[in-house]
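Colleague: Once you've had a glance at the structure underneath, I'll fire off some questions.
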Amino acid sequence: MASANPETAKPTPATVDMANPEELKKVFDQFDSNGDGKISVLELGGVFKAMGTSYTETELNRVLEEVDTDRDGYINLDEFSTLCRSSSSAAEIRDAFDLYDQDKNGLISASELHQVLNRLGMSCSVEDCTRMIGPVDADGDGNVNFEEFQKMMTSSSLLNSNGSAAPPST
């Protein structure tokens, strides 16, 4: 009887059973490449790569900042558990961003937003899209970068009960 190759059967944070502490620890150890009991920002990049999502160093530092509740600059097992619970939604947000970022330059312009919304059957003008971008555009460049998009998508005040974007208030 052949045993499964452990290299091809590794669980990922998105598939780990949160109710099984042993499985969680096994996945944590897989990403804690130097075995120091904590995941660095560099090792965190490997976690997201395993889930099929690549983040810039700035984005990884932001994730670390949000998950690192004890503020030691690393992710421990408890913090990793929290990250695993939220990681599928993070991957979904990245996928949604990529859908809107038509030219793949890392920014969503009013024109790109207009194209996608019209394709989805929503009637709006480029000017409407420019107004939608305004409150989200923290750096004032007229576009939405991933960080701004992620902040918008995770802000409960901008989402309605079914998880879709609420129209901007006037």
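We count from 1, first residue shown onward.
Note that Cβ sites are derived from N, Cα and C of the backbone, with glycine treated the same way.
Pulled the feature table from Swiss-Prot, pasting it below:
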MOD_RES   ALA2  N-acetylalanine
DOMAIN    19-54  domain 'EF-hand 1'
BINDING   ASP32, ASN34, ASP36, LYS38, GLU43  Ca(2+) 1 binding site
DOMAIN    55-85  domain 'EF-hand 2'
BINDING   ASP68, ASP70, ASP72, TYR74, GLU79  Ca(2+) 2 binding site
DOMAIN    88-123  domain 'EF-hand 3'
BINDING   ASP101, ASP103, ASN105, GLU112  Ca(2+) 3 binding site
DOMAIN    136-159  domain 'EF-hand 4'
BINDING   ASP137, ASP139, ASP141, ASN143, GLU148  Ca(2+) 4 binding site
Colleague: In sequence order, which residues at least six apart in the same chain have a CB under 8 Å from the CB of ASP139 (Ca(2+) 4 binding site)?
Modeller: ASN145, GLU148
Colleague: State the count of C-beta atoms found within 10 angstroms of the C-beta of ASP141 (Ca(2+) 4 binding site), not counting that atom itself.
Modeller: 12
Colleague: Cβ distance under 8 Å to ASP72 (Ca(2+) 2 binding site), same chain, sequence separation 6 or more: which residues?
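Modeller: Those within reach of ASP72 (Ca(2+) 2 binding site), by Cβ under 8 Å and sequence separation of 6 or more, are LYS38.
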Colleague: Provide, as an integer number of angstrom, the distance between the C-alpha atoms of TYR74 (Ca(2+) 2 binding site) and ASP36 (Ca(2+) 1 binding site).
Modeller: 10
Colleague: Reported as an integer number of Å, what is the Cα distance between ASP141 (Ca(2+) 4 binding site) and ASP70 (Ca(2+) 2 binding site)?
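Modeller: Computed Cα spacing between ASP141 (Ca(2+) 4 binding site) and ASP70 (Ca(2+) 2 binding site) is 34 Å.
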Colleague: Given the binding-site residues ASP103, GLU112, and counting only Cβ atoms in the protein chains shown, which has the most within 10 Å of its Cβ?
Modeller: GLU112
Colleague: List only the single closest residue to GLU79 (Ca(2+) 2 binding site), chosen from the binding-site residues ASN34, ASP103, ASN105, ASP137 by CA-CA distance.
Modeller: ASN34
Colleague: So what pLDDT does the domain 'EF-hand 2' (55-85) average out to?
Modeller: 88
Colleague: Which chain-mates of ASP101 (Ca(2+) 3 binding site) that are at least 6 residues away have a CB under 8 A from its CB, listed by sequence?
Modeller: LEU107, ILE108, GLU112
Colleague: Taking DSSP three-state, what's ASP36 (Ca(2+) 1 binding site) in: helix, strand or coil?
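Modeller: Note: ASP36 (Ca(2+) 1 binding site) is coil by DSSP, not helix or strand.
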Colleague: Work out how many Å separate ASN34 (Ca(2+) 1 binding site) and ASP68 (Ca(2+) 2 binding site) at their Cα atoms, rounded off.
Modeller: 19
Colleague: Tell me which of the binding-site residues ASP36, ASN105, ASP137 ends up closest to ASP70 (Ca(2+) 2 binding site) in space, Cα to Cα.
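Modeller: Minimum Cα distance from ASP70 (Ca(2+) 2 binding site) across ASP36, ASN105, ASP137 lands on ASP36.
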Colleague: Which entry in the list of binding-site residues, ASP32, ASP36, GLU43, GLU79, has its Cβ near the fewest other Cβ atoms, using 10 Å as the limit?
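Modeller: Output over binding-site residues ASP32, ASP36, GLU43, GLU79: least Cβ neighbours within 10 Å is ASP36.
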Colleague: Within the domain 'EF-hand 3' (88-123), how many residues are helix, strand or coil going by DSSP?
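Modeller: In the domain 'EF-hand 3' (88-123), the DSSP-based counts are 23 helix, 2 strand, 11 coil.
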